[in-house]
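A.B. asks: I am attaching a structure below and will ask some questions about it afterwards.
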Amino acid sequence: GGYVANSLAIMTDALHMLTDLSGIILTLLALWLSAKSPTKRFTFGFHRLEVLSAIISVLLVYILMAFLLYEAVQRTIHMDYEINGDIMLITAAVGVAVNLIMGFLLNQSGHLHSHSHSHSHSHVPQSNSPNTSHGSSHGHSSLAVRAAFVHALGDLVQSIGVLVAAYIIRFKPEYKIADPICTYIFSILVVFTTVRILCDTGVIILEGVPRHLNVDRIKEDLMKIEDVYSIEDLNVWSLTAGKTTAIVHLQLVPGSSSKWEDVQSKARQLLLNTFGMYKCSVQLQSYKQEMSKTCASCQSSSA
């Protein structure tokens, strides 16, 4: 519709929708990859393909956005363009209608979801049983629906902005400058939408600690485990979004080597259940006192 109407505002709005579509495709890709078994060559599986796809999608969006911005600047300078106001108005109206329907469906889904779990949670005991984790996953699903609803509201506001611009251009063609102005505004929105994706994928590629985890807190909780003397090493990183992996090397207190299985079990339970790790590896070693190393000059001076 934007191409036929020669409207950059419509095309930029469509570009924003493309970023949402990319997010949905990446979610489906992640679900599909999670079912794939690791191979001899890719022992971690194929989770990082989701990250690679995210980067390619964002780069494609930026290339298209740069082209639209260039056209917007040219139109602002030269003002030698015509826009089909009727087609732009119809396309913008359809966009608003679709966003209204999507927001309504998401709102109804969120209400039904939270209502059904408000009943089920009243019968679930607050314990470490599997039912609790099941309820927690339902809570996350409900939050995801609410987040999608809020995002749909943002898309609706943008579509209404395009509709207003289309209405102005249809009945006041001399104000066609509203079209490139919308392109500038919506390009900023696209950047704000995608910059978080780039930051998160960058952290994953550089094997950084996910933003929701605190390494110091993990160390404190590990040190609270009985018979743990020290933490020799702790590595936390993400295979992909939502799949965090950890490797920890613990040293046991003197004389507690026989309790290594109990310590390992508690450490694994802490990492997997409390901090939500996808995978973890706990290495243990018995207490070894570090020998003090004195340099030759110190030895000679003490002599």
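Here the Cβ of each residue, glycine as well, is placed from N, Cα and C on the backbone.
The domain 'Cation efflux protein transmembrane' feature in TrEMBL is assigned to 1-206. Positions annotated as domain 'Cation efflux protein cytoplasmic' by TrEMBL: 210-285. According to TrEMBL, the feature region 'Disordered' maps to 114-139. Annotation source TrEMBL lists transmembrane segment at 14-34, 54-73, 85-106, 148-169, 181-198.
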A.B. asks: Please report, as numbers and ranges, the same-chain residues at least 6 past the borders of the transmembrane segment (14-34) whose CB is under 8 Å from any CB of it.
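C.D. replies: The answer is 1-2, 45-47, 49-50, 53-54, 57-58, 61, 64-65, 68, 151, 155, 158, 186, 189-190, 193-194, 197, 240-242.
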A.B. asks: What stretch, picked from 54-73, 85-106, 181-198, has the most CB pairs under 8 A with the transmembrane segment (148-169)?
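C.D. replies: Of the candidates 54-73, 85-106, 181-198, 85-106 scores highest.
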A.B. asks: What are the DSSP helix, strand and coil residue counts for the domain 'Cation efflux protein cytoplasmic' (210-285)?
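C.D. replies: When I sort the residues of the domain 'Cation efflux protein cytoplasmic' (210-285) into the three classes, I find 27 helix, 30 strand, 19 coil.
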A.B. asks: What residues in the same chain, six or more past the boundaries of the transmembrane segment (181-198), come closer than 8 Å to it by Cβ-Cβ distance?
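C.D. replies: Apart from its flanks, the transmembrane segment (181-198) reaches 8-9, 11-13, 15-16, 19, 23, 54-55, 58, 61-62, 65, 68-69, 71-72, 154, 158, 161-162, 165.
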A.B. asks: Summarise the model confidence on the domain 'Cation efflux protein cytoplasmic' (210-285) as a single mean pLDDT, whole number.
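C.D. replies: Averaging the confidence scores along the domain 'Cation efflux protein cytoplasmic' (210-285) gives 90.
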